[in-house]
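Engineer: Below is the structure I would like to discuss, written out as structure tokens.
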Amino acid sequence: MKITVPATSANIGPGFDSVGVALSKYLSIEVLEEAASWHISHDLGDIPSDEHNLLLVTALKVAPDLRPHRLRMVSDIPLARGLGSSSSVIVAGIELANQLADLNLTDSEKLDIATEIEGHPDNVAPALFGNLVISSYINQKVNYVVADFPKSSFIAFIPNYELKTSDSRDVLPTDLTYKEAVAASSIANVAIAGLLTGDLKTAGEAIMNDRFHERFRQSLVREFAQIKEIGKRNGAYASYLSGAGPTVIVLTDQDKADQIKADIDALELSGSTHLLRIDAKGVRVEKN
């Protein structure tokens, strides 16, 4: 059995802790034979290979009596870069428990569990469902809407340094004035309306005018200003911090994507540039 989960990009400007899309980088978990104890084979560096791995912490929280297996983990989702690496593992762990214990969890049950573990649904929801997901988590209740993302390209610049979500949250204010909150909310409303109606020009303007988090975080990502300028020069819809950063994403028409990628590459920044597409499936399971 093989479980595959896409990367995700959350916030998309003003959709703070609420909006996310699934993108074409992937975590895969291959379930091998039963064993005396759990063991995860991987080449992902200094992460646990036993029950202390987040994958198994999650799976055993959902189904504590799972029989141990050998597993193989492969991922091209970089760690601590704002592309939902931990969310992909959480979703995979829930699906692992669901399959091995024959739990027959519904999509909503999976999302409830994932959100409880992660703390907010903006990454785990698109990892589960694919596409664009707008969600809220209030009083331990998740509400969500899944929608197709308008046809476009995502150019992701992934820096060669990590930025932990906790560090990125430390620069945020503890509160906003009522006037600021109303303005920030209205911008977010327009961004979502634009995305849902396919008006990427209007959505892009709203994304670039986020007031919830990017203005506070942009100093943590030194490449952000340069990449935004390239996007603007090439007529992209928007550039934004993916999740808490440091990955920067340029949202653009498909016919402009190659030029924007080439222009970012020409800066010779410390990192890598990737042309990504929407993943419309979310988590999937292939059985032998």
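Note: Cβ is positioned from N, Cα and C throughout, glycine not excepted.
Feature annotation from Swiss-Prot assigns ATP binding site to PRO78, LEU79, ALA80, ARG81, GLY82, LEU83, GLY84, SER85, SER86, SER87, SER88; the stated evidence is sequence analysis.
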Engineer: Taking the mean position of the Cβ atoms of PRO78, LEU79, ALA80, ARG81, GLY82, LEU83, GLY84, SER85, SER86, SER87, SER88 as the ATP site, which residues outside that list, in the same chain, have a Cβ no more than 8 Å away, listed in sequence order?
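Structural biologist: Apart from PRO78, LEU79, ALA80, ARG81, GLY82, LEU83, GLY84, SER85, SER86, SER87, SER88, the close residues are ALA7, ILE77, GLY243.
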Engineer: Which residues, sitting 6 or more apart from GLY82 (ATP binding site) on the same chain, put a CB under 8 Å from its CB?
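Structural biologist: For GLY82 (ATP binding site), the qualifying residues are SER9, ALA10, LEU163, LEU241, SER242, GLY243, ALA244, GLY245, PRO246, THR247.
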Engineer: Just counting, how many other CB atoms are there within 10 A of the CB of SER88 (ATP binding site)?
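Structural biologist: Around SER88 (ATP binding site), other Cβ atoms within 10 Å: 29.
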Engineer: Taking every protein chain in this structure into account, which of the binding-site residues PRO78, GLY84 has the most other Cβ atoms within 10 Å of its Cβ?
Structural biologist: GLY84
Engineer: Around the Cβ of ALA80 (ATP binding site), how many other Cβ atoms lie within 10 Å? Please give the count over every shown protein chain.
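Structural biologist: Its Cβ shell of radius 10 Å holds 18 other Cβ atoms.
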Engineer: For SER86 (ATP binding site), write down the residues of its own chain that are at least 6 apart in sequence and whose Cβ falls under 8 Å from its Cβ; none is a fine answer.
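Structural biologist: Those within reach of SER86 (ATP binding site), by Cβ under 8 Å and sequence separation of 6 or more, are LEU54, GLU118, ASN123.
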